[in-house]
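Feature annotation from Swiss-Prot assigns [4Fe-4S] cluster binding site to 345, 405, 408.
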């Protein structure tokens, strides 16, 4: 009667405090430059070493520029954070993939692609989108800086056991509908608090038919529904993705791992605290129109009106519409845009670049659009060039930048100017997220590509 979550959680329990939290063993800690400095400072103050340095992997991503990475970072705060991570990793004997290192990239892209993330693991990082790794059949969630220090010192963390939710999506996804659209659709129905307090398992035929990278996108956005994390049971798709990668088990170790991994699925009689179901046929290419990821709609639909909303909801909705410069009830099709961003830990993988390139091939970037195409890692960048995707993009008028979090958040040079519209494949569209006054519309790589070549919001199915 155990869920996938139960099986992994229970296998990692060290002890449970009566009427209190669980001491949970952690298999993998990822550290980036923004949330780790105080944790390492705390260890120094108390004279504590990192208990299991081989379990910790560090890399800068939030502050890294996406051009001229071989030169010093100009912003003093960003430079200090990146340099501090380098020093901390060296001082404490930790694996560190610095800027320009061939294994560097966004931490939630590098972990899975290097098979540092594996099924059955418990994984934490001082970053909310750590839930991405759950796509591999792991328990993965973001933690605070004090908890990062706790894991560095003890390889354990104190956590209250969350409730479980299963979201089942059955059926076949339609033309032009991607994992990003599935996630945005879920949020539009469940809101940004619909999964608060839960750890979500995604299931159903539509989920099983997603590629590994599609599942990573889906789990990445779990936190935007309020969930503690999201996960997908490992299957042949997972195993084929992992096999032969750099840190994957080899030989007899692979056989032993596979034997265990195949047990990582919810039992047929498993009981979840909540069950939610969706039909894949109801999902079309999505786009957001407001200032939280739950404010999304099918690209052919109109922005909702305030009819039926409570007073508080109306105030919030009107504030969002004012910020975005939209009117209730209007369509976004044909709306002129200024920027397109392909990248982030949500959609910065090779499949995302393949999708984008497939739609822009033989076309040209619209003159009114500034496009930032940012690989999620140097491995993705190398694969782009190996497959000739860079040539397709260059011929269409696009340029590929260097890996990093880039325009997902305004912590580096890639900021959207105030008042400008950005069709972005990232994960958050909060006010000012991409820069003070920036207006963000979240979408899939296909929707972003359609906007990039037409200069306006366009249904990608019209170009496919």
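Here the Cβ of each residue, glycine as well, is placed from N, Cα and C on the backbone.
Using the Cβ center of 345, 405, 408 for [4Fe-4S] cluster, the list of other same-chain residues with Cβ within 8 Å runs, in sequence order, 61, 62, 106, 108, 129, 343, 344, 346, 348, 376, 404, 406, 409, 426, 427.
Its Cβ taken as reference, residue 405 ([4Fe-4S] cluster binding site) is surrounded by 31 other Cβ atoms within 10 Å in the chains shown. Taking a C-beta cut-off of under 8 Å and a sequence gap of six or more, residue 408 ([4Fe-4S] cluster binding site) has these contacts in its own chain: 341, 343, 344, 345, 346, 424, 426, 427, 428, 433, 434.
For residue 345 ([4Fe-4S] cluster binding site), the Cβ neighbour count at a 10 Å cut-off comes to 27, with all displayed protein chains included. In the three-state DSSP assignment, the secondary structure recorded for residue 345 ([4Fe-4S] cluster binding site) is helix.
Taken residue by residue with DSSP, residue 408 ([4Fe-4S] cluster binding site) is part of a helix.
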